[in-house]
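Visitor: Features from Swiss-Prot:
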REGION    1-103  region 'Disordered'
COMPBIAS  17-28  compositional bias 'Basic residues'
COMPBIAS  29-44  compositional bias 'Low complexity'
COMPBIAS  63-78  compositional bias 'Low complexity'
DOMAIN    101-710  domain 'USP'
ACT_SITE  CYS110  active site, nucleophile
ACT_SITE  HIS668  active site, proton acceptor
MOD_RES   ARG746  asymmetric dimethylarginine
REGION    839-891  region 'Disordered'
REGION    935-1008  region 'Disordered'
COMPBIAS  941-950  compositional bias 'Basic and acidic residues'
COMPBIAS  958-967  compositional bias 'Low complexity'
MOD_RES   SER970  phosphoserine
COMPBIAS  994-1006  compositional bias 'Basic and acidic residues'
REGION    1024-1044  region 'Disordered'
REGION    1057-1106  region 'Disordered'
Amino acid sequence: MDPGVGNALGEGPPAPRPRRRRSLRRLLNRFLLALGSRSRSGDSPPRPPAQPSPYDGDGEGGFACAPGPAPASAGSPGPDRPPGSQPQISSGDGARPPGAQGLKNHGNTCFMNAVVQCLSNTDLLAEFLALGRYRAAPGRAEVTEQLAALVRALWTREYTPQLSAEFKNAVSKYGSQFQGNSQHDALEFLLWLLDRVHEDLEGSAHGLVSEQLPPEVSKISEDLRPSAAPTSLGPSFVQSHFQAQYRSSLTCPHCLKQSNTFDPFLCVSLPIPLRQTRFLSVTLVFPSKSQRFLRVGLAVPILSTVAALRKMVAEEGGVPAEEVILVELYPNGFQRSFFDEEDLNTIAEGDNVYAFQVPPSPGLGTLSAHPSGLSVSPRLPVRDSQRFSGPLHSENRVVFLFCNLVGSGQQASRFGPPFLIREDRTISWAQLQQCILSKVRCLMRSEVSAQDLGTLFSIRVVGLSLACSYLSPKDNRPLCHWAVDRALHLRRPGGPPHVKLAVEWDSSVTERLFGSLQEERVQDADSVWRQQQAHQQPSCTLDECFQSYTKEEQLAQDDAWKCPHCQVLQQGVVKLSLWTLPDILIIHLKRFCQVGERRNKLSTLVKFPLSGLNMAPHVARRSTNSKAGPGPWSSWKQPICLPTTYPLDFLYDLYAVCNHHGSLQGGHYTAYCRNSLDGQWYSYDDSTVEALREDEVNTRGAYILFYQKRNSIPPWSASSSMRGSTSSSLSDHWLMRLGSLNNSTRGSLLSWSSAPCPSMARVPDSPVFTNGVCHQDKGGVETRPLVRGVGGRSISMKASPASRSRHGPFKTMPLRWSFGHREKRPGASVELVEYLESRRRPRSTSQSIVPLLTRAAGGEETSASPRSDGTLPAKSEDSGRAIGQGTTGVPLSSCHLNHHPALGSLDDSLHTARTRTGNVSQDIRLPKKFDLPLTVMPSVGDEKPARPEGQKMTPWKGSSQVGSQSSPPSPSTGLLRNFKDSGPGTLPKMKSKAAMEERAPDKDRGQGTFTLLKSVFWKKEHKRTVRTESSPPAPPISLGSDRLSPAAMNEQALRIRESPAKGLGNHMERDIRSAPSSLHLPRKASRPPRASTAGTSQRTIPGEQISYGTLQRVKYHTLSLGRKKSLPESSF
């Protein structure tokens, strides 16, 4: 039965029962949430629930979601959200990337929203907070956890107004100054928030979750990572990335001794260079009929009072300053009078300021009706003592300022010029009316008579209430009204005492007496244009602000300093300079200045660069052996060396700006931030987010600038690609590694990333790139443009302990940045041997690289023909040592190709292979993701080589795997035979090596490697036999020597070129036709072909000398990297 029907009939259960059930369930849920929060926080007091704000509504912010449970704290998994509680992504957010989300204003919280948006777009901090990579003390990281939840919600598009309200409650709980809905300074809140995060994470090593760096990363960054302070476990995240040091040096002018003091800073407060004057126009009022008004331009001091302006006007008019009255006159009449003690900044540039001169008392001097220029002359030559013997104001004679208005009250409009009269307060209304008509007689029609017109107007005292400020025409003495007395008693020092009166005319009377009146044009003097040009919109550069910050200042005499060396008070020279630079540089522009009780906001346009801010000129210059300053901070962050050595340590890129709009008494905060996904700028005005052009970022309201060091920008950030290196797609962003992303949110992010974006380029996974490898000379500094340091590696890209245990201690993470400039065109591909030549030695691994290369080849069929000239280049210095230690490369000289006339065709094929890099029939290329085009060695399983008579075959272990019934002898056995006469101590060593290699297990030998060695060594043995029969004996050489004499090398090279090698004619010709050349390795287009591929390192009999070509470093083939034999470090 329907409950409503049952209740109506008096049957069924009562209606309040379901409501009591819901209330009981809600109470139980609150109890469970409170119990869970107390168990997580330990002994900390329970957090008060979020109080509903009167500003929380559906109209502002565009959110209509009901309040949900509190977000999970950073670093701990929160409760699962019900399917229906997740906020849906609005269609308007589809065009914006993640992170471009507004924040609701909870009542004058624009300062908080702007700072949170700037911190949310800080790449390092956003990844650190959103992924929960911090370890905070229990119960004391509530502000940090709420900030992390808010940042995570902004990037996952799960923001609700409740999250920002809870963050504000946490801020109010730990910062009493931010309670309520009062306005606050954004810089004050930023410094408080960073200090609070530092305190929350203090005591933990860097504030990070305990995680061990890979050995190669820890070895590289050992010198770059700041050392820990001696009194703590290590610097927090805020100290490591936001904090740096500045040096204050005090130099004695007598002995030139310098005393240095080092202090930390979170932001650099830069003074804005001030113009000492500003433009202001004042209209001078003359009593003459020919010229009534004249506007003059003045350059008034910025920090001054109205007394200075009164003095300048008096000097411009040639009158005493005590006779000048300054008032503000608008189209609706008088507004206010200016007195000497008022701040000059109360007068804006566009205010209409009028200056009146009070005529002197009768007998003391008169004013001329014809001013010459701006001066009022001639005056009677009276002395000052005579002129000011009597006061300008007495009880009976008062100075009155009049202005004519059409209408009454605030709707009145002014017509005609204002005028000044000095009258006795005892006059009647008729006398006062005739005095006023005499002043406006020049504006009246000629046929109108001013006699017997009755009451034409009403008079009102300006500055008082309209109800009680009108003078009565029925009074015998209307100027003795109490309103006039009150206006005279409200005066302050500055100019003669006066009373402002408004004469209000009726519209019909005005039309009958004056007709159609037009506003009189005010003439401008030449000084107006001249001062306007001199005071155009003031602007300066950020570099000028830094120069003003670091300029030298001499102490005043009252602030003299006692030099410890001279023991005398000296006016030392103080200079501030930056000692170290942080990863995140926060610059505060001092727009609010206060001198005494006067405060003002500077609207100077500070031109700051969006990218490439060079901080090298503002860092203290010091040599490489200089020591850091005393104290614990010197050991925390070591000083950087010369700026010319590491230029990337001094380049910064802008990513956020906090703006202030308004005045010092009240204003509004907004934020301009660059998104790390698309690299575009967005304007954040509370809940409103709009796209912004780069030329709109620099405004007069810029208050706080956020810069990030270029070599500390994460590689996944779009700001990285803007600076010259290659950025990755959304899959490399830390946002995709957020474990709380569900499938729908992840799909929406991926669908957004599928839109075309020019800044999303693919990052190569291999550390070898198509550009030329930078070689490093011994003792020099390797120069690589735009190389990112260890600090630029993303925090979440470090290998987990589980992956390290699975891959072994030498597992290296793939590099995610490019060593080349983004705009540089990729050149020809390079081989692996050139990569090894750059001294970047690969880590040894237990897995063979042959299966990897075979799979990477994409299943291409390779020819199974042997190589008759398969060689690897020999190195210059350590060739003998490498061969003696068991290197896998077997170098041969390219001059061996001249042994037979039938090899002439091979030279042509080599030349053709060098010019044609796309020969797919002979060179099998690897996929582009390896970027290492190499030639895969063919197998010799189908070849049946001819053996010379008398040569016995040595059985090869594991030869059945190759598929050949007869195999050539092992390399060690062949070397034993060749060096049997080299000396008494050589044969046992070679025998022991041969025995060790024969006892080696089959699993350690790669099939492709030994296939290559069998064919190469068999052909070498055959050629050695023929060469030995025809070559004359030579003095023996020692295998222990690493080099041969130049005479022996030249003699052997000449002998090899002249030997015909007649016994191998048919055999070598047949092998050359059937085997592809292994020398068809692609060369860089910019490098010319070498004269000889490599030097010879064959093992010969003692009577044979070894020939060497151009000495070069050995180049190892890819197939030799799968072996376990360690390579000497000097060979690279």
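Glycine is no exception: its Cβ is also placed from the backbone N, Cα and C atoms.
For each feature listed, report its degree of burial, its nearest neighbours and the pertinent distances within the displayed model.
Guide: Computed over the domain 'USP' (101-710), the whole-number mean pLDDT of the model equals 79.
With a cut-off of 8 Å between CB atoms and residues at least 6 apart in sequence, the same chain places HIS668, TYR669, THR670, ASP686 near CYS110 (active site, nucleophile), listed in sequence order.
Mapped onto three states, the DSSP output places HIS668 (active site, proton acceptor) in strand.
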Visitor: Report, as a single number, how many Cβ atoms besides its own are within 10 Å of the Cβ of HIS668 (active site, proton acceptor).
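Guide: Taking every protein chain into account, the count is 17.
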